[in-house]
Amino acid sequence: MTECFLPPASSPSEHRRAEHGGGLARTPSSEEISPTKFPGLYRTGEPLPPHDILHEPPDIVSEDEKDHGKKKGKFKKKEKRTEGYAAFQEDSSGDEAESPSKIKRSKGIHVFKKPSFSKKKEKDFKIKEKPKEEKHKEDKHKEKKSKDLTAADVVKQWKEKKKKKKPTPEPESLPVDIPRLRPVFGIPLIEAAERTMIYDGIRLPLVFRECIDFIEQHGMKCEGIYRVSGIKSKVDELKAAYDREESPNLEDYEPYTVASLLKQYLRELPENVLTKDLMPRFEEACGKTTEGERLQECQRLLKELPECNFCLTSWLVVHMDHVIEQELETKMNIQNISIVLSPTVQISNRVLYVFFTHVQELFGGVQIKRVIKPLRWSNMATMPALPETQETIKEEIRRQEFLLNCLHRELQAGVKDLSKEERLWEVQRILTALKRKLREAKRQDCETKIAQEIASLSKEDVSKEEMTENEEEVLNILLAQENEILTEQEELVAMEQYLRRQIATEKEEIDRLRAEISEIQSRQQHGRSETEEYSSESESESEDEEELQYILEDLQRQNEELEIKNTHLNQAIHEEREAIIELRVQLRLLQKQRVKSEQLQEEEELGKQNVPSQLPRDNLPETKAPKDQPKALMEQMKPSPIKKTGKKLSSETLI
């Protein structure tokens with residue numbers, strides 16, 4: 001059988017060849033009439049027309065056709081790249097047999113694309129092929145480098161790889177004392193009151209008192225207080241601060257936020273404020289017919305409440321009564337307050353109505369006291385503003401001593417917290433400063449009283465006896481002050497001499513350490529010069545430089561922390577020394593007073609003994625005195641050895 005082919009569209013080169021009559025006519029290959037180039041020639045899914053080997057012309061090609069074939073092959077390559085066609089199966093044309101590289105390239109692409117292939121896609125396709133070429137170039141570059149390497153370089157690379165593979169020991173982190181979270185919200189009322197109670201002894205949690213105090217000052221003119229909710233993120237921030245046992249500054253927040261915080265605290269109480277046992281009895285009492293019976297029963301039940309529960313209930317009702325009194329500005333009456341407060345504290349509206357309408361009868365003696373926070377001294381560079389009068393100083397000392405006892409109790413219980421230890425030192429510093437200020441205030445008050453007395457005495461006409469008595473009192477006070485100042489001056493001079501000796505020894509130690517440092521630096525410079533000469537031999541020893549650098553940085557950081565601790569300790573030692581000087585002055589004054597009192601007693605005893613000797617002989621009884629009586633009198637006249645030893649002991653204590 002013979003096969004028939006449709007005449008393909010002749011190319012310009014074939015047309016010229018036909019005109020000149022050069023070469024033999026050849027049959028078209030399967031590639032030239034493939035369905036990809038002529039999509040309308042064959043149906044989709046039909047196989048290509050078979051090639052019969054018998055009908056193929058002989059492989060006799062002229063030199064012109066060979067040149068033309070090469071040009072055509074190049075043209076086909078460009079055409080494939082630009083058009084982006086892909087063969088569905090292998091072609092068995094004569095051209096592909098001559099150039100097997102074409103078959104390999106056609107196998108790599110198995111995607112049929114549209115005939116229209118833009119330049120942009122062609123660029124993208126070329127960019128995708130670039131990384132392979134770059135990798136090939138890098139591999140060649142590495143091979144060249146590996147050929148050029150010497151033995152020393154290979155050893156160096158091996159050491160670096162080994163060092164990278166070695167697991168570097170992670171630095172041991174310093175133990176950090178993480179403070180335990182001791183929440184205030186959600187715990188029983190008694191526990192919260194005992195933990196956060198302040199110096200005045202009112203058994204209420206600090207968060208409750210501070211919130212009420214802030215709203216009493218800043219929230220009485222806010223419309224819809226306790227009804228309008230605050231910002232939730234701010235409320236959560238305040239709650240977290242109180243759970244960390246901090247005292248945030250409520251001045252930075254709105255009254256609505258603080259009111260929402262108070263409601264949240266009351267809502268999270270694990271037990272009802274009126275207790276589970278008494279709550280139904282309160283309901284029964286408020287449901288009675290007559291008002292007198294209701295009041296009498298409520299008063300009796302309120303006395304049965306625990307101390308913390310009664311205190312919280314009374315403060316809450318009195319505070320809400322203050323809010324109701326400002327109804328014109330707050331827009332909150334009894335009904336609104338009851339609607340807001342009833343689901344929060346889980347008390348019915350009927351009970352709350354009885355409480356709010358009979359505040360004076362049920363909670364008449366309750367007064368809301370302001371919270372005064374203890375003084376802080378966080379910045380060592382500045383001195384805090386201490387109170388001026390003696391009463392305020394004493395009150396602040398009571399606050400600080402109460403806080404100091406609480407901190408000591410918590411630290412002795414095993415709570416490890418660096419912030420509490422720092423607060424302990426801070427409270428001790430404040431206490432020493434307050435006590436010093438109190439002594440100065442007492443001295444100033446005494447001086448002012450003396451000046452006032454002198455002024456009043458100069459103006460008034462008084463007798464000489466009164467003047468002498470007052471002058472004696474004034475002189476005694478002045479002498480006592482003078483003695484105190486002199487003894488204090490002596491102690492300060494002794495302390496100054498001791499500190500000067502210590503400074504001299506410290507300077508000598510500094511000079512010695514500087515000499516050692518200079519010697520070590522000279523050794524290091526000498527060692528560096530030697531290592532530079534033999535650097536090729538000591539490459540292995542320089543591997544640990546990074547570790548040494550890290551150790552040095554760690555030591556420097558530890559040194560900074562120790563310096564901070566040292567400054568705190570020095571400050572505390574200085575304050576303790578001042579306290580010791582004051583105690584020594586007081587001891588010396590007491591010893592002097594004791595010596596004076598003993599001398600006065602001796603003089604009185606001698607005076608009593610001399611009185612009977614001056615009486616007339618007639619009045620004396622006719623009894624013979626013993627022979628040893630003069631000796632006994634002489635022994636009484638002599639100072640006792642106990643007094644001498646007492647004086648010696650006082651001098652030894654001063655030394």
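Glycine is no exception: its Cβ is also placed from the backbone N, Cα and C atoms.
Residues or ranges marked as compositional bias 'Basic and acidic residues' by Swiss-Prot: 52-68 (among others).
The compositional bias 'Basic residues' annotation in Swiss-Prot covers 69-79 (among others).
Annotation comment: Swiss-Prot describes 102-118 (among others) as compositional bias 'Basic residues'.
Residues or ranges marked as compositional bias 'Basic and acidic residues' in Swiss-Prot: 119-150 (among others).
Residues annotated as compositional bias 'Acidic residues' in Swiss-Prot: 532-548.
As annotated by Swiss-Prot, compositional bias 'Basic and acidic residues' applies to 619-630 (among others).
Among the features that Swiss-Prot reports, region 'Disordered' is placed at 1-153 (among others).
The region 'Nuclear localization signal' annotation in Swiss-Prot covers 102-119, and the record cites experimental evidence as its basis.
Taken from Swiss-Prot, the feature region '2 X 5 AA tandem repeats of E-[D/E]-K-H-K' applies to 133-142.
For 398-495, the entry in Swiss-Prot reads region 'Mediates interaction with RALA and RALB'.
Annotation source Swiss-Prot lists region 'Required to maintain nuclear localization' at 494-510. Outside the region 'Required to maintain nuclear localization' (494-510) by six or more residues, the chain places 577, 581 with a CB less than 8 A from a CB of the stretch.
According to Swiss-Prot, the region 'Mediates interaction with REPS1 and REPS2' annotation covers 496-655. On the 0 to 100 pLDDT scale, the model's mean across the region 'Mediates interaction with REPS1 and REPS2' (496-655) is 69.
Feature annotation from Swiss-Prot assigns region 'Disordered' to 520-548 (among others).
The region 'Disordered' annotation in Swiss-Prot covers 600-655 (among others).
As annotated by Swiss-Prot, repeat '1' applies to 133-137.
Among the features that Swiss-Prot reports, repeat '2' is placed at 138-142.
In the structure as shown, the Cβ atom of ARG227 (site 'Arginine finger') sits within 10 Å of 16 other Cβ atoms.
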